Amino acid sequence: MVERALPEYDYIFAFGLIFAFLDAWNIGANDVANSFATSVSSRSLTMLQAMAIATVCEFGGAVLAGARVSGTIKNGIISTSEYESNPSVLMLAMLCALVGSSLWLTLATKIGLPVSTTHSIVGGIIGVAFATIGANGVDWSWEGVSQVFAAWGIAPCIAGAFGAIVFLITKYGVLERKNPLICGFWMIPFYFGVTSAVLTMSIVWKGAASLNLDDWGTAPTVGTIFGTAGGVILLYALFLLPYLYRKLYLDDWTIKSWEVIKGPMLWFRGDVPPMPEGMEKQIVQDYYRGHTVKNGHPAITNNVPATSNPEDIEKNAAINASSDSDIVAPEHANGTAPLTGQELARSKAYAQPWTTAGGFFARAKYFFFRGVNRDIVEEQGMAGHEPKGFAAKILAKDLSKVHCHVPAYDNKTEHLYSFLQVMTAAVASFGHGANDVSNGVGPLAAIYQIWRTNEASSRSEVPIWVLVYGGAAISIGLWTYGYNMMRNLGNRLTLHSPSRGFSMELGAALTVVLATRLALPTSTTQCITGATVGVALCAGTIKAVNWRMITWIYMGWFITLPVTGIISGCTMAIIINAPRWGLQPGQ
């Protein structure tokens, strides 16, 4: 039994558990899904792979490296000293902040609006501060709220610049060279080293407090960063390079994925046997399948001739868009269209009554894993498929007119970058779990501490069970509803491919590292959005970006603080000023 100093407020702790779970669930469905939308949209990861990696890395980062001590008030925007005489009011304030944040995130996630979950809880805290100690109690300086406003412009611009630089090096150093695959073999080790170094810096610097690395000197830090980079390059040279050379350069159709562990032995493997007559096997997938691209890639569904004339490109895109409605799925012999993976899973789940054991568990399985059976790239609105959802049909219509300004590159070379993109996504996810997850459950930790001690402290211990609780809620949110956010981003912003996706993710990671050292405000959502725009502009033209969707995203950033502030502030004001039984007016 937990000893508690305020047993009369057990209900506040109980409601805190509920709304903290809802808030963390939305972090998984919104923030984490937003981070993995790039990898899924470029086809570097399937939905199942993305969810599995995100679950392990987010949960592992939260539990193994999550902050054991968290600031009670996020970003120090108000002082806990204002509540020292009445800690229970702070307890209620944290609950109301969670209510406002979780309700807004639920709505934003439902309509496919990517928002900063950190800014959401900050807005909630500002709202309860207004209701309790007034506007003068909020720190409006750069150390407080001003940095949140600055993040709207700073983070996207820096990330866009870094993403553009990475992609331009890739574009002119590899993709547009005479023999891009060979150039890629030489360039990829450099990228593996840089990527591992950047991601190591992200964990060592941004997660220093949670990993107890604050006392490290310069030499151990530098040694760790360069040692990790060197180790990753060595592993690439020993195992991945011979595997990729044989598969991509020699077109070895017999090699299996698990054979990468053979490493150097693959150099001495015999000649590639001819493929049996009548057998067709694709060495790598077509990363541009279903998209209308600038340079006449075979993935174009209509036989429109390739051209480099901008007017002709627009005309061809219009032809593709107008004929989308004429493209229908193949039919069965009985004349009915085949079910999609998601439709098939649903039909199986509802085949039995829910009152039976089999029917109940089948529905539960479908509810938790329904995102796995979805083709996110198809639902984003590629050729022949309309975007799903009212807002998406307005914001993401005529995507072919956006994608037609982006050139396609060699598929085998793109395949090289898919490994890098998986690496950036996985390690960045671990860093997100180690840092942002503990911030999400910070209000719950504050409620728990006040409930047990009746003290308002500026620092709250975060018990391991709170980190596990938040990590589990994030994973459940990603599995149950993360697909909705993924399909609203990615290719709906610009055409994605592994080389572009890697540049976007590395640009965002570089921004996080730089901003951490300079104490500049950042947001994962804002960084990846800025990097996406920067890469898109360098990959094509200004028309290669869906500016309607970018405007929609920026609107979400701007309204998050006032919306969560109003919800939380009004809730707090109503509760603390409400009439109580036995209390006369004016008392």
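Backbone N, Cα and C atoms are what each Cβ position is placed from, and that goes for glycine too.
Taken from TrEMBL, the feature transmembrane segment applies to 12-33 (among others).
Residues or ranges marked as transmembrane segment by TrEMBL: 45-69 (among others). Sequence-distant neighbours of the transmembrane segment (45-69) (same chain, 6+ residues past either end, Cβ-Cβ under 8 Å): 28, 32, 35-36, 39, 203, 207, 209-211, 371-374, 376, 421-422, 425-427, 429-435, 437-439, 459-462, 464, 467-468, 470-472, 474-475, 478-479, 482-483, 486.
Under the heading transmembrane segment, TrEMBL lists 89-108 (among others). Distant neighbours of the transmembrane segment (89-108): 6, 9, 12, 15-16, 19-20, 22-23, 26-27, 30, 72, 80, 83, 114-115, 117, 120-121, 123-125, 127-129, 131-132, 443-444, 446-447, 450-451, 456, 556, 560, 563-569, 571-572, 575-576; these residues of the same chain sit at least 6 beyond its ends, with a Cβ under 8 Å from one of its Cβ atoms.
Counting only same-chain residues 6+ beyond the ends of the transmembrane segment (120-138), those with a CB under 8 A from a CB of the stretch are 23, 73-75, 77-79, 82-83, 89, 93-94, 96-101, 104-105, 144-145, 148, 439-440, 442-443, 560-570, 572-573, 576. Residues or ranges marked as transmembrane segment in TrEMBL: 120-138 (among others).
As annotated by TrEMBL, transmembrane segment applies to 150-169 (among others). Within its own chain, the transmembrane segment (150-169) is flanked in space by residues 116, 119, 142, 499-500, 502-504, 506-508, 510-511, 514-515, 520-523, 526-535, 537-539, 554, 557-558, which lie at least six positions past its ends and keep a Cβ under 8 Å from the stretch.
The transmembrane segment annotation in TrEMBL covers 181-205 (among others).
Summarising the annotation, TrEMBL assigns transmembrane segment to 225-245 (among others).
The transmembrane segment annotation in TrEMBL covers 462-482 (among others). Long-range contacts of the transmembrane segment (462-482) within the same chain: residues 17, 20-22, 24-30, 32-33, 36, 51, 54-55, 58-59, 62-63, 66-70, 109, 367-371, 433, 437-438, 440-442, 444-445, 448, each at least 6 residues beyond the stretch ends and with a Cβ under 8 Å from a Cβ of the stretch.
For the transmembrane segment (527-546), the residues of the chain that approach it from at least six positions outside its boundaries are 34-35, 38, 114, 155-164, 166-168, 171, 294, 310, 395-396, 399, 401-403, 405-407, 492-495, 500, 503-505, 507-508, 511-512, 553, judged by C-beta separation under 8 angstroms. Annotated transmembrane segment per TrEMBL: 527-546 (among others), in sequence order.
As annotated by TrEMBL, transmembrane segment applies to 552-576 (among others). Same-chain residues lying 6+ beyond the ends of the transmembrane segment (552-576) with a Cβ under 8 Å from its Cβ atoms: 89, 92-93, 96-97, 99-101, 103-104, 108, 113-116, 119-128, 130-132, 148, 152, 391, 395, 525-526, 529.
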Surrounding residues of the transmembrane segment (225-245) on its own chain - C-beta under 8 Å, 6+ positions past either end: 185, 188-189, 192-197, 200-201, 204, 255, 259-267, 415-416, 419
